[in-house]
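**Q** The structure is given below, and queries will be raised subsequently.
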Amino acid sequence: VLSAADKGHVKAIWGKVGGHAGEYAAEGLERTFHSFPTTKTYFPHFDLSHGSAQIQAHGKKIADALGQAVEHIDDLPGTLSKLSDLHAHKLRVDPVNFKLLSHCLLVTFAAHLGDAFTPEVHASLDKFLAAVSTVLTSKYR
């Protein structure tokens, strides 16, 4: 459960991410593909080379979804319901992949945000991404 402090940290750091959200999410996705090669199996039609237009476009989709989640942090299930349906029923993404992507997103944010990425922000953002992952996998059951 996200505390009021967690929500404040997430909103504040997302504000610092700002216009770089799509870029950072694409970088996190690319890190995921390199660090956990089995995740590539869900993207057989993608050009997975560094900086490809497809990775950039999917990074923007991830960033947009996370931005909506931040904006509606008190209603993650309602906000992410359609994405949950898509990933569970149509794409059938293995739930573990959300944890892998979340980890790579945290690494990417840490690399870019420097001193703003405090231990408290790290913990809150980790909890937030875990909450998002839980919602995205909720329709699997």
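Glycine too: its Cβ is placed from the backbone N, Cα and C atoms.
Values in this document were obtained by computation on a predicted structure and should not be read as measured data.
Quick paste from Swiss-Prot:
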BINDING   H58  O2 binding site
BINDING   H87  heme b binding site
DOMAIN    1-141  domain 'Globin'
MOD_RES   S3  phosphoserine
MOD_RES   K7  N6-succinyllysine
MOD_RES   K11  N6-succinyllysine
MOD_RES   K16  N6-succinyllysine
MOD_RES   Y24  phosphotyrosine
MOD_RES   S35  phosphoserine
MOD_RES   K40  N6-succinyllysine
MOD_RES   S49  phosphoserine
MOD_RES   T108  phosphothreonine
MOD_RES   S124  phosphoserine
MOD_RES   T134  phosphothreonine
MOD_RES   S138  phosphoserine
**Q** Can you tell which of the modified residues S3, K11, T108, T134 lies nearest to S49 (phosphoserine) in space, using Cα positions?
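**A** Of all the candidates listed, T108 is nearest in space.
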**Q** Reported as an integer number of Å, what is the Cα distance between S124 (phosphoserine) and K7 (N6-succinyllysine)?
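**A** Here the two Cα atoms lie 7 Å apart.
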**Q** CA-CA, which of the modified residues S3, K7, K11, T134 lies nearest S35 (phosphoserine)?
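**A** Going through S3, K7, K11, T134 one by one, the Cα closest to that of S35 (phosphoserine) is T134.
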**Q** So what's the mean pLDDT when you look at the domain 'Globin' (1-141)?
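**A** Reported value for the domain 'Globin' (1-141) is a mean pLDDT of 95.
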**Q** Reported as an integer number of Å, what is the Cα distance between K11 (N6-succinyllysine) and S3 (phosphoserine)?
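**A** Between the Cα atoms of K11 (N6-succinyllysine) and S3 (phosphoserine), the distance comes to 12 Å.
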**Q** Hey, how far is K7 (N6-succinyllysine) from S138 (phosphoserine), Cα to Cα, in Å?
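**A** Approximately 21 Å lies between the Cα of K7 (N6-succinyllysine) and that of S138 (phosphoserine).
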**Q** Among the modified residues listed here, S3, T108, S124, T134, S138, whose Cβ has the fewest other Cβ atoms inside 10 Å?
**A** S3
**Q** Taking only same-chain residues 6+ apart in sequence, whose CB is under 8 Å from that of the residue listed as 'phosphotyrosine', what do you get?
**A** V17, G59, A63, L105, T108, F109, H112
**Q** Where's the emptiest Cβ shell within 10 Å among the recorded positions K11, H58?
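**A** Among the recorded positions K11, H58, the lowest count of other Cβ atoms within 10 Å belongs to K11.
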**Q** On the three-state reduction of DSSP, what should I expect for S3 (phosphoserine)?
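**A** Once the DSSP labels are grouped into three classes, S3 (phosphoserine) ends up as coil.
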**Q** When the Cα-Cα distance from K40 (N6-succinyllysine) is computed for each of the recorded positions S3, K16, H58, H87, T134, which gives the smallest value?
**A** H58
**Q** Between K40, H87, which of the recorded positions has the fewest other CB atoms within 10 angstroms in the structure shown?
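**A** Counting other Cβ atoms within 10 Å of each of the recorded positions K40, H87, the minimum falls on K40.
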